[in-house]
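Engineer: Have a look at this one before I ask anything.
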Amino acid sequence: MTKYRPEIDGLRAVAVVAVVLFHLNSDFLIGGYYGVDVFFVISGYLITGIIVKDLENDTFKMSKFWIRRVKRLVPLLLTVVIITILVLPFFTFKPIYNDILKDIIPAVFSYFNFHAYFNFGDYWGPAADKSFFLHTWSLSVEEQFYLFYPLLLIIIKKYFKSFLKPLIFITLISLGLFVCFVKFKTHLTFYMLPFRFWELSAGGVIACLPKKSTLNKIYNTVFPIIGLLLIFISYFFAEKTISYIVVLPVVGTALIIYFISVNDITGKLLSSSIFVHIGKLSYSLYLWHWPIIVLFKNLEFRFLGVNEWYIYLFIIIATYLLSVLSFKWIETKTRNYRNTPKLVLLGVGLCLALIAYYKSPYFNIHYPSLYNQQTYYLQQYDVSPTQVILKKGNPLIYNVTVLNRSSADNDAFKKQGILKRINDKNPEILVLGDSHGAMWAKTLEEACGELKISSSVYTTNASKPFFNLHDLDDQASNEFFTKKERIDFAKSIVSNIHKWKIKMVVISCRWEALSDDNRSEFENLMVYLKDKNIKMLVINQPPRISIVNNLNVSQYVSYLKIDPKNGFHTISLSQDKVIKGNQFVAQLAKKYSNVMVFDVFSRLYNKDQMKITHNKDVLYFDDDHLSDSGTRFFKQDLKKTMTKELD
C-alpha cells in the first residue's frame, strides 16, 4: 500500500473531469456527478490501507491520523474559501452576500452536507445551484467518514481475526439502507454518510482482499475494462438524480483498483502522463471549478450574447491555472509542513473575521442609484388575513418606500375589499388577483379615480384569488387564509358583485403558475360573469427577468452601472413558461365575448430585446413584478381600454 500507483491518479482524472463537465452543463455528461462516487471508493481504499497497516504494526495513532488528514485537505479548502469571499464583492451583486456567508462555516467545519440538506434540499434545485461552496458537501461526507472510520477499524481489530468479513457486513448494511431509502428519501440518501458509507467502505473491502497475484492473470485485463465501462455507463445513462445506478461506478471503481495492472490496456491508459497529471490536480480542480462556475452564473447579465463556448473555455482555463498554482504552492507545501495546523487555525480565524466584517455596517451592500425611488404597494393592497411582510433591512426593499395596509382594511377580505369611493358612488370595478393583481392595484385605483369611477380591490399576495363558485361554503384553506376566512372571502366578493352591480372585473395573476384547479375556477368565474353580463379585463403577465430571481431590480441596474440616459433593454431571455401561461389566458378569453386581454407582455418584450427602464424609472420591482413606475407606464392605455369596455 505504500507503493505509488499512478493508475489511481488516472482514475481520479476520470472522476474529476466528469464532475467538472457535469457542473459546466449537465447536458455534456448527464451522470457526471457520479464522479464523486469514484472519489469515495478511491478514498476508502487508500485510507483503509494506511490505517490497517498501522494497526497491524501497532503504530496507529488517532491524533496523528487526523492531523495528517487536516494537512492534506484543509489548507487548500481554506485558501479557496478565503480567496472566493475576498474576490466576490468586486464582481457579484452585494445584497446576495449574506446568503453566501451562511455557507462558509458549514464548508470550513465539514458539515456542509447537513447544511445543504436542511437549507437547499434538492442538489439540483435553484437554491443549491447558487451556493459557491455546494461542492464541499462531498468533502464533509469524507471528513465525517474519517472521524468515525478509524474507531470502527480499531474495534474490528480488537474483536475479530480479520478486517474483511466485518467490513463486508457493514458495507452491506449501509448499501441496504441506501436501497431502502433512495426512492422516497432521495435528498437524505444523497447527502448523508450512513447512506454513502458503503461506497467508501467498498474501497476498504478492496484494500483488505488477498493480493491479486494469486488470481488468474486474464482477470487483470478483463475486469478493469469492465470497470471502466461501468463507470462510463453511469456517466452517460444516469437519471437526473441519484438512483440505483450509483452501484455501477462503485463496482466499476472497485474492479479497476483491485485488478488493474500498469501493463494492461486500462493500466497503460490511466497511467499515461495526461491522466496522471490531471489526477494529481484533481483535488484542486474539484475545489476551484465550482466557485468559478457560480461566479459566471452571477455575472450572466454581463455576458448576455457572448457565445457560451467561450465562457466554458474560460472557466476551464481559469480552473486549470488556479489548480496548477494551488497544487504547487498549497497542496505540496502544506502536506508535510509541521506548522500546517497553525496555518489552518490562522485561516479559520481569517474566515471568521471576514464573516464578521461582511456582516458589519462597515460593509455597504447597497449601490448609489441614478434612478427614481420606488414605492411598494403590494402589502397595502393585500387583503389576506395573514400577510407576507417585507421587513426593514431586506435587500429587496432597499431604496424602496414600503406602504403597509391600513388597520381599517384588516377585515377587507370579508367586507368590502379595499374600497375607493368616488362621489360616494358604489364601485363599478372590482380588482382581483394574486401578488400580480396587487402590483396593479394602485395604478388601477388611480385610473378609476381619474375616470370618476369607484373601485374595490380584493387582491391576495402569495395566493390565487380563485374559489369554488359552485359551493361557497366549500373553500380550501391555505397558508394565508383559514377555511372559514376563505369562505368569507368568496362570499364577500359574490355578495358585493350583486349588491354594487359591478360592471367590470379586472384580474391579473402570475398566469404561468396556475394549478389545474385554478384554471378550472378561473373559467368558472368567466362563465359566472358572462351570465351576469359583467365585463372581464384580464391583464396578462409581464416577461420575467429570470436571472435576477427575487432580487431588487433597481439596485441590480445600479450594480450594472446602467446610465438612465442610455436606457436598459436587455437581450431577450427565455420566456417559455410566461408565454405558455399567457397563451392559456388568451385562448380562454376567445371563448367568452365579455372577456378581453390587456397585453402587457408584448409591450415589454420582443424577440430581440426586453424593456427594463424608461427614462429614470426602473419598470421592475423584482424578477416578475413590475414596479409602481412599471404599472403607471401603462395607466393611460388602461384608462382608454376601461373606458371603451364600459361604454
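Quick reminder: no glycine exception, Cβ is built from N, Cα and C everywhere.
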Engineer: Using TrEMBL as the reference, determine which range in 11-31, 32-52 is annotated transmembrane segment.
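Structural biologist: Per TrEMBL, the stretch marked transmembrane segment is 32-52.
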Engineer: Give the one range among 32-52, 73-93, 167-184, 342-358 whose Cβ atoms make the most pairs under 8 Å with those of the transmembrane segment (269-289).
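Structural biologist: Ranked by Cβ pairs under 8 Å, first place goes to 73-93.
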Engineer: Counting only residues 6 or more past its boundaries, what in the same chain has a CB within less than 8 Å of a CB in the transmembrane segment (190-209)?
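Structural biologist: Those are 1, 37, 40-49, 52, 113-114, 116-117, 123, 137, 141-142, 144-145, 149, 162-164, 167-168, 170-175, 177-178, 181-182, 241-242, 246, 250-251, 253-254, 257-258, in sequence order.
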Engineer: What mean pLDDT score does the domain 'SGNH' (421-637) have in the model?
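Structural biologist: Within the domain 'SGNH' (421-637), the model's average pLDDT equals 94.
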Engineer: Is the transmembrane segment (144-160) packed against any residues at least 6 beyond its ends, judged by a Cβ distance under 8 Å, and which are they?
Structural biologist: 43-44, 47-48, 51-52, 55, 60, 62, 65-66, 69, 110-111, 113, 166-167, 170, 193, 196-197, 200-201, 204
Engineer: Is it true that the transmembrane segment (342-358) and the transmembrane segment (73-93) have 3 or more CB pairs under 8 Å, sequence gap of 6 or more?
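Structural biologist: Contact criterion met.
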Engineer: Does the transmembrane segment (244-262) reach the transmembrane segment (309-330), going by 3 or more CB pairs under 8 Å (6 or more apart in sequence)?
Structural biologist: no
